[in-house]
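Got a structure here, written out as structure tokens. Questions coming.
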């Protein structure tokens, strides 16, 4: 969050003003400590002891106030319970309505308390991070371990909020009982529970989720989309979200994501055969596959800019261009033209609307279901990646209608052209353009995002990466409103976006580049390699690639549900990089004959490890990306997309260039850059995090 001290002062509840963390005082104290150590008037040990005592006092003040407010809420709920019991004997509709409103009023007060806890949690995290950064000392780890695990821990009261959970349960249960259920005796504890349609309870659940410790699969998967979550919204923002939301439009948005991924990978098993049928070398498949990624580098930018003004028109344009591109791809066979083939793939890349898909979810899906929609975006991509090669394996036939040939090479183009026509008709009939507020490049910072661990579901004080912004450069330091406005503006170019990236974010983008490069090498050359070494048919290659694609969701279930709750992100990140490196090393063809088990096992290790790495890397990236990169054309999603797309372009170009050395050298020559980039990313990861901590 930019200018947290100023934002804390503006948004704190006035009657609770004296109970918030004194962030400004603690920030000044950190600066005093630094000056005292620099001139030699204080030693480090005394500073640590004094700062720990100061933090303890601040946390105790916060916790005692929380407990006091919890007691008041519990007392009010007890009185409402007595009224509830009396109404069960003599029910009256007017009194039931009044009681329901009374519970909602308590819910609103609980929501204020949860927001109080959230603001203080963010303040604690930020001041700890500031201390670590200023003194190059891992004070956060020491403080959290000594305080959080103590039987009388007050820190746990802030972040586990067990008492608050009991209040949430009481409000939810009683509102559920007061709901008109036509005589049903089911409660919230009975399966299947009846849905409770109450905006207060939904808002409370969203606030509790933002303070939650654990990472679940859905949350972990949703973070892969790099769709930044916003702060606790005002009721007016919730109403705007509800007005924009249209389920069928969201479904069409996800369908576009799925079809595009199918379109990307459906040609992989047959691209080498298609190239050879047009008189080119088999390794030209690298250019054929990569042409789509080349165009996507440019299309991502103009689609991202276009989505500032509309969603419907970009999706229409995308569908038309993809139809034309696939038709050209299919007709290149009868025209015997490699140029038409490549132009067809370029057109397909120019129709990539993934930037629009992300932006629609970010802007038009209510916060309470945005996580599910983000997870749907990632799942649609994974399913498309698996279905593409599988579909290519089915399309094994050969016939002719008039002058058009339909075989394993052309059918992927014809099938996808038909699919995009059907999608275009569905889109035209069913999509609803939401009311769209045009976002100017110098938009206000009211929509800035705090992506800290408190809101994203990880342990809020176990910091795993750099702060999104340099706290020492907070505009609040000079009191300039113009400076604050400047710091809240979204990036207006790739250069300004790059300047907002901290060293750890740059390393994470390098990791993303590396894993996309390695995966593209594995997938794109699979048909050529397996045909040369094992004489695999197109169907066998398609099955292999489909099986790899099907591992995506199971791997993310295991990582999101279990592994991320057992290990720190940095540990998983480094271990995954090492496993990718091992997979690459095992893939090399050395002296012994190259066998199917070696290729399949090494490919599986590389692919699965890269999937784990991608999940953890994007999950971490979504939490540390600058809030200024959450909106506008040049956002965090666009940067990550460009990094991955450029990696795919370079990988496919590497395959084609290596083909000049002969197919016998293709495997080792293409794996060598993968190995070098992987080793570089491991070194960068170790160096960056060791220097920070």
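A Cβ is built for glycine as well, from the same backbone N, Cα and C atoms used for every other residue.
I grabbed these lines from TrEMBL:
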type: DOMAIN; residues: 2-145; note: domain 'SPX'
type: TRANSMEM; residues: 247-268; note: transmembrane segment
type: TRANSMEM; residues: 280-303; note: transmembrane segment
type: TRANSMEM; residues: 315-332; note: transmembrane segment
type: TRANSMEM; residues: 338-356; note: transmembrane segment
type: TRANSMEM; residues: 377-399; note: transmembrane segment
type: TRANSMEM; residues: 411-429; note: transmembrane segment
type: REGION; residues: 460-488; note: region 'Disordered'
type: COMPBIAS; residues: 468-484; note: compositional bias 'Acidic residues'
type: TRANSMEM; residues: 509-534; note: transmembrane segment
type: TRANSMEM; residues: 540-560; note: transmembrane segment
type: TRANSMEM; residues: 572-592; note: transmembrane segment
type: TRANSMEM; residues: 604-621; note: transmembrane segment
type: TRANSMEM; residues: 666-690; note: transmembrane segment
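For the listed features, I'd like the structural context: burial, neighbours, distances.
For the domain 'SPX' (2-145), residue counts in helix, strand and coil come to 127 helix, 0 strand, 17 coil, using DSSP.
Cβ atoms under 8 Å from those of the transmembrane segment (280-303) belong to residues 263-264, 267-268, 271-274, 314, 318, 338, 341-342, 345-356, 524-525, 527-528, 531, 633, 638, 641-642, 645-646, 648-649, 651-656, 658-660, 663, 666 of the same chain, restricted to positions at least 6 beyond its ends.
Tertiary neighbourhood of the transmembrane segment (377-399): same-chain residues 221-222, 224-225, 227, 254-255, 257-270, 357-358, 361, 405-408, 411-412, 415, 538-539, 541-546, 548-550, 552-553, 556, selected by CB-CB distance under 8 Å and a gap of 6+ residues from either end.
With a threshold of 8 Å between CB atoms, the same-chain residues lying at least 6 positions outside the transmembrane segment (411-429) that come near it are 252, 255-256, 259, 262-263, 266-267, 270, 312, 315-316, 319-320, 322-323, 326-331, 344, 391-392, 395, 397.
Here the transmembrane segment (509-534) has long-range neighbours at 265, 268-273, 282-283, 285-286, 289-290, 501, 540-541, 544-545, 548, 573, 577, 580, 584, 587, 589, 594, 596, 599, 603, 606-607, 610, 613-614, 617-618, 621, 639-640, 643-644, 646-648, 650-652, 654-655, 663-664, 666-667, 670-671, 673-674, 677-678, 680-681, 684-685, meaning same-chain residues at least 6 beyond its ends whose C-beta is under 8 angstroms from one of its own.
Here the transmembrane segment (572-592) has Cβ contacts under 8 Å with residues 511, 514-515, 518, 522, 533, 559, 563-564, 598-599, 601-607, 609-610, 612-613, 616-617, 620, 667-668, 671, 674-675, 678-679, 681-682, 685-686 of the same chain, all six or more residues outside its ends.
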Which sequence positions outside the transmembrane segment (338-356), separated from its termini by at least 6 residues, show Cβ-Cβ distances below 8 Å to it?
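Result: 253, 256-257, 260, 263, 267, 274-275, 278-280, 284, 287-289, 291-296, 298-300, 303-304, 306-307, 311, 314-315, 317-322, 324-332, 413, 637-638, 641.
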State the non-local partners of the transmembrane segment (315-332) in its own chain: residues 6+ outside its ends, Cβ under 8 Å from one of its Cβ atoms.
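Result: 252-253, 256, 259-260, 263, 267, 278, 303, 338, 340-341, 343-353, 356, 404, 410-414, 416-417, 420-421, 423-424, 427-428, 431.
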